[in-house]
Amino acid sequence: MGDFGTVLTAMITPFKADGSVNYAVAAELAANLVDNGTDTLVVCGTTGESPTLSWDEEYNLFVEVLQTVAGKAKVIAGCGSNSTKEAIAATQKAAKIGVHGTLQVVPYYNKPPQAGLYQHFQAIAQACPELPLLLYNVPGRTGQNLSPETVVRLAEIDNIVGVKEASGNLDQAGEIRRLTPKEFQIYAGDDSLTLPLLAIGAKGVVSVASHLVGNQLQQMIQAFNSGQVTVASDIHLRLLPLFKTLFITTNPIPIKQALKLQGWEVGSTRPPLSDADAEVSQKLEAVMKHLDLI
């Protein structure tokens, strides 16, 4: 259940000048990503600005992207919430239109204890038992870490198939890998940690950089998996400045600016996020030119 491949793109959400969702550009971008190294599209996650999207906008994006990539790639719906009831309702609605999985972030702001986190994810999984669920641990944003012990317990639930581990803690990821079944999938939540996490048993990455270098990420992962570690390391080190530059300010501000530099009409970020300033744009332009991305 839930084979999502190795390169999952955390897709941005394009907006029009009036601030409404640009579904046409979303479809065009989705098709381009699938043609350039993306196995699965993660729609309405952090990079997709889910905190400032309405549930209706999210649902419409799921429909648009599903129709665009039908038969070519999988779609994971970001339906997370710090309300268990809302997360269940959104996930059930997404499941009915045929998404291939759901990404569920650790509930933010209200900081539930580990018992509450377990009950939250268990309830969502049980409400949609046929839908693969990917946990999403990003304590820097949520204020609460999903402990390895809780992940291990959750991995016993049939349709909880993996975790996007964005704590930045390699020891934590290692503990999860050590204590969970081999079929439980670990995905890097930071592009710069993809190769280190592959070395301790991760399957791939939920990537921001794959908007720009999806094929190169595929090459890096394939090289590592075939024993060509030096080749994989060379690709990682070549791309590392890009990985770092895409996070010099709050994601998705830099990646949206990078796409604009390539000519994509992705629009602004929604408030309270702000657009990239001149310094960020100049740094992006320099690293992208060095990699022949513009």
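Any Cβ shown, glycine's included, is placed from N, Cα and C.
Listed features, source Swiss-Prot:
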type	residues	note
SITE	T46	site 'Part of a proton relay during catalysis'
BINDING	T47, V206	pyruvate binding site
SITE	Y109	site 'Part of a proton relay during catalysis'
ACT_SITE	Y136	active site, proton donor/acceptor
ACT_SITE	K164	active site, schiff-base intermediate with substrate
Site of maximum Cβ density within 10 Å, from recorded positions Y109, Y136: Y136
Y109 (site 'Part of a proton relay during catalysis') to the residue listed as 'active site, proton donor/acceptor' - Cα separation in whole Å: 15
Densest Cβ neighbourhood among T46, V206 (recorded positions), 10 Å radius: V206
Y136 (active site, proton donor/acceptor) and T46 (site 'Part of a proton relay during catalysis'), Cα-Cα, nearest whole angstrom: 10
Which same-chain residues, if any, lie at least 6 apart from K164 (active site, schiff-base intermediate with substrate) yet have Cβ under 8 Å of it: L103, L134, L135, Y136, N137, V138, Y187, A188, G189, V206
DSSP-derived class (H/G/I helix, E/B strand, else coil) of V206 (pyruvate binding site): strand
